[in-house]
Ligand SMILES: [Zn+2]
């Protein structure tokens, strides 16, 4: 139904009703998403970027937290697939005012929502939603927990450049503790055979990674950024929230810049064809020096356009329409 | 009131050093005879306890009854019914109600409602500070006169060390314990579960062990200084055990309790964002469980207390961060503790000791009789089946709080009959 010239990927191995995280994905499922996104990229390269795949379906963007970028990316993705799109923004304060998440979901269901894209400031909120909703839930970022579509677009971007992910080395630098992007990427990268090194101020690194156990994939922690980026095939910088300094996790932003900023000097230690990534929006000259953010190694703008393809792929896979191909 | 003769059971009464096949008779609400032959002549209702265990009624040092103020979560009536189902014949009610139990009138209110509606003994605990605000001392002397068994701001710690010192000095003069919820507020602030790998995986803010341990260290120092009796609530970490063990060796008047859930469940129960496993202090790791069991075995911990904290389904059916802390624990306490017996980690008589004689010693002041079946003591008694398998169906709880992480789980070990003051207050239908 996409178009006769687009080879539709095999999707019979796909059995997720919701996309809550990538921690339960098999390598095959990642590949289904990637090959579906390849098909979507092809659509995006056409002069008219619109197919009828989700005609008659309603996609709701339910955002409890502001994120123009992610919301816009989902909106464009849904519209490219001809879905009806409804944007609902709310604030955490409306929860405490007595309108529970479950009440809101029931209302959206009554309005005919088929897929609910949900951004929430509380970790785990999409899991609660999935338990109580007939619609498919897509986690568009929950608290400090997960951001699966961002991880998928990051992995897809790496795959486009490197072919295969197995054996590649990734280094994630910055506020890993509070980064849902980092958390989902750690799962995805390690599942697909990459080695992951985490680097950042100790107050911004996650707890318990020194503990053995199958709870979280094994990753390496390296305090010195020069050592962390050495031979890395991918260097991903994370956005630094200013309030980390106010809450006593950092002495100063200046000190952070000095010790952890990804500069072209530090990137010389990485692999020659290193990819510089960032989930955006970049605080220029804080986590990334301007020359690395926009340099030839940067794929940050590609990440944004791949995001639309990945989100189209996820919407398509969750829509239940792929059986019609 | 009937007279009971309970025959053929395994009688376990640690206070008297009894563990064996003995019959026990109760007349006029008191234990009247223990032996192996013919009991003294009387008109008995005979209960056959073959293959069952007969013990003193359990004592819970830490129960939240929620009345006054939060009757939708629990009342003295429903809470004591839950206690009876769990084998508890004496429960100590925490004062974090609304209004808080911080003065004589509220103590009297709790005792008055209990005298009318409770099916087991309710011993109120009074607040340490007025309104549990941690600012000024509550009227400790007045409440002592009204019959509280100790003082606690449970639900919260006493943040200021100076106020805690004054409370200890004052309580020592009343010969009543300070019962402390140990949590350093600035370390625990915003925390949802144990700080560690599971918190990382779920993206939730953690509560470190050190939040508990730094407060315990402070309070031990203050107890040393003041000579007060200090009872530490719901100990959860290995580091806390080390501190308590050392302090007890130093001869301090220090006692401590642990909950069934901290003895049997780890932080991993929170995976999937199960708000029923959200409890304060948080469920910790297997290494902590091992240390807690070791501390029961060597006497570092004196009692097992439920920290029964009922909440409505609505309260718990929400985002993890918004859910209140607490587990409805009275009705699953015995069954979950039997996991430790069946796995060979603890002998049954020791579990019984920590539910009877141990907490009775913590209470002191004449309440010791509640923990033993000595002839002449009140007839508070539990008959349980260590081998009975059952599924935890929270819908059947007598407690209004259905918030249990064990919902749907199979437990082995069940309370069959609970007798309080010579009356049957709970009897399992499937006997
Ligand atoms: Zn407490």
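Glycine residues also receive a Cβ, built from the backbone N, Cα and C atoms like all the rest.
Over the domain 'Dihydroorotase catalytic' (B:54-239), the average per-residue pLDDT in this prediction is 97. If you look up TrEMBL, you'll see B:54-239 marked as domain 'Dihydroorotase catalytic'.
Listed in sequence order, B:62, B:63, B:64, B:233, B:234, B:259, B:261, B:279, B:326, B:327, B:329 are the same-chain residues at least 6 apart in sequence whose CB falls under 8 Å from the CB of residue B:307 (Zn(2+) 1 binding site). Annotation source TrEMBL lists Zn(2+) 1 binding site at B:62, B:64, B:154, B:307.
The substrate binding site feature in TrEMBL is assigned to B:64, B:65, B:66, B:96, B:280, B:311, B:325, B:326. Residue B:96 (substrate binding site): 21 other CB atoms within 10 A of its CB, across all protein chains.
Feature annotation from TrEMBL assigns Zn(2+) 2 binding site to B:154, B:181, B:234. With a 10 A radius on its CB, residue B:234 (Zn(2+) 2 binding site) counts 24 other CB atoms from all the protein chains. Under the three-state DSSP scheme, residue B:234 (Zn(2+) 2 binding site) falls in the coil class.
The feature active site is assigned by TrEMBL to B:307. DSSP assigns residue B:307 (Zn(2+) 1 binding site) to coil in the three-state reduction, outside any helix or strand.
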Would you please pick out, from the binding-site residues B:64, B:66, B:181, B:311, the one with the fewest other Cβ atoms within 10 Å of its Cβ?
B:181
Under 6 Å from ligand 1 by C-beta, which of these binding-site residues make it: B:66, B:154, B:181, B:311? Sequence order, please.
B:154, B:181
Name them in sequence order: residues not among B:154, B:181, B:234 whose Cβ is within 8 Å of the mean position of the Cβ atoms defining the Zn(2+) 2 site.
B:62, B:94, B:152, B:155, B:179, B:180, B:182, B:183, B:233, B:280, B:307
What is the separation, in Å, between the Cα atoms of residue B:154 (Zn(2+) 1 binding site) and residue B:181 (Zn(2+) 2 binding site)?
5
Please report the distance from the Cα of residue B:181 (Zn(2+) 2 binding site) to the Cα of residue B:280 (substrate binding site), rounded to the nearest angstrom.
10
Name the residues of the same chain, 6+ apart in sequence, whose Cβ is under 8 Å from the Cβ of residue B:65 (substrate binding site)?
B:74, B:75, B:76, B:79, B:80, B:91, B:93, B:94, B:97, B:110, B:122
As a test of the contact definition, list every same-chain residue at least 6 positions from residue B:325 (substrate binding site) whose Cβ is closer than 8 Å to its Cβ.
B:278, B:279, B:280, B:309
Would you mind checking how many other C-beta atoms are within 10 angstroms of the C-beta on residue B:62 (Zn(2+) 1 binding site)?
27
